[in-house]
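Visitor: What Swiss-Prot lists as active site, proton acceptor is 324, 325. Taken from Swiss-Prot, the feature NAD(+) binding site covers 127, 188, 211, and the record attributes it to sequence analysis. Feature annotation from Swiss-Prot assigns substrate binding site to 234, 256, 259, 325, 358, 412, 417. What Swiss-Prot lists as Zn(2+) binding site is 256, 259, 358, 417, and the listing cites sequence analysis.
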């Protein structure tokens, strides 16, 4: 893991290169995704069967998982896993319940009622990865906010495996309250949810993480359906001063590096000795990490330790990165919170590691990546509702403001707009 001592501009330039390397997308992949979407849109279930056999090596006659299979899943998982899942659900629900908003009714002016109605989406699709690892936690994080929002129908898709879907995924789906589950994955699953097939219902919104093909497919169908965000590779930035614990920091960097080779892990510190210790500790921990091959490739390609002269400079650099995950391993992390402008989720102190947020604390782990934390937010209840404004004026209230409306409409050359107001009061002249 390279240690870099640079001025702010040079450091930022190198970080941008790291991020660009992590987000390189080959044109051939984009073309392949578009072709898959076109094929599924036209061929529907037949196309899904073709791609499921091609990419997953499984022949599927029926994509839907039976209620019996879902309910039996709990019999094949550990009790300790179910207990952990229930604890996570409790925390996710208690946190996201506080995000719920109510419709607005404004009756302050005589004869005028204005307001905003908040309504849940009718149905959503949740993509749950099933590639190099299984992610039951993603089920809870994507489904529970939708349930709290009042979404009527939640459809889940996840790639098939030889031998069936991981029962841990099914147990999480059952606990979270998923309505229908289908064994399809990849770009073809996103296309099926966006356009519908004979078996798969069309949804209004698609959420959930996935590989590059899934992310590009979501981008392609945006506008046909809504999506949560375009998720890039996982990333973490650790800001540390001399009080930082090298073992903890290295472990947290590797917790993101093990996701995939394109993940980014960066430490920004004010202390050279700590930087050297973190570098050694990363190598030491890689030796015993089960997913060390993936993590090592990630660290070698997209990992770095930056030395900066001050904590202020470290936070400034972090804000420019706008990371998905930001950890503050500093003396007074809460005092630094006001200086953090751009981050998906912030972890304060040595005992608030990123995996705590991934699994149990309650805030959502579906976060903006690739610098989009500058303008995107974590997944929330808000993502599963839509808002409609309403207006009610009495005759007298409209009459009192008609001249303003007519003036503005005429200035814009929209005379029918003006006429629609004037015609209501012509008989009085």
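Each residue, glycine too, has its Cβ placed from N, Cα and C.
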Visitor: 188, 211, 234, 256: which of these binding-site residues has the sparsest Cβ neighbourhood within 10 Å?
Guide: 211
Visitor: Using CB atoms and a 10 A radius, I'd like the single residue among the recorded positions 259, 325 with the highest neighbour count.
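Guide: For the recorded positions 259, 325, the Cβ with the most other Cβ atoms within 10 Å is 325.
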Visitor: For the recorded positions 324, 412, which one has its C-beta crowded by the most other C-beta atoms within 10 angstroms?
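Guide: Output for this query is 324.
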Visitor: Other than 127, 188, 211 themselves, what residues in this chain have Cβ atoms within 8 Å of the centroid of the NAD(+) site's Cβ atoms?
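Guide: Other same-chain residues near the NAD(+) site: 129, 157, 159, 185, 186, 187, 189, 190, 210, 213, 214, 217.
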Visitor: What three-state secondary structure does DSSP assign to residue 325 (active site, proton acceptor)?
Guide: strand
Visitor: Look up residue 259 (substrate binding site) in the DSSP assignment and reduce it to helix, strand or coil.
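Guide: Once the DSSP labels are grouped into three classes, residue 259 (substrate binding site) ends up as coil.
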Visitor: Using only C-alpha positions, which one of 324, 325, 412 is spatially nearest residue 188 (NAD(+) binding site)? These are the recorded positions in the record.
Guide: 324
Visitor: Indicate whether residue 417 (substrate binding site) is helix, strand or coil by DSSP.
Guide: helix
Visitor: Taking each of 127, 211, 234, 358, 412, 417 in turn, which of these binding-site residues have a Cα lying within 10 angstroms of the Cα of residue 324 (active site, proton acceptor)?
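Guide: Within 10 Å Cα-Cα: 234.
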Visitor: Name the one residue among 127, 211, 325 whose Cα is closest in three-dimensional space to that of residue 256 (substrate binding site); these are the recorded positions.
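Guide: Ranked by Cα distance from residue 256 (substrate binding site), first place goes to 325.
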Visitor: Which of the recorded positions 127, 211, 325 has its Cα closest in space to the Cα of residue 417 (substrate binding site)?
Guide: 127
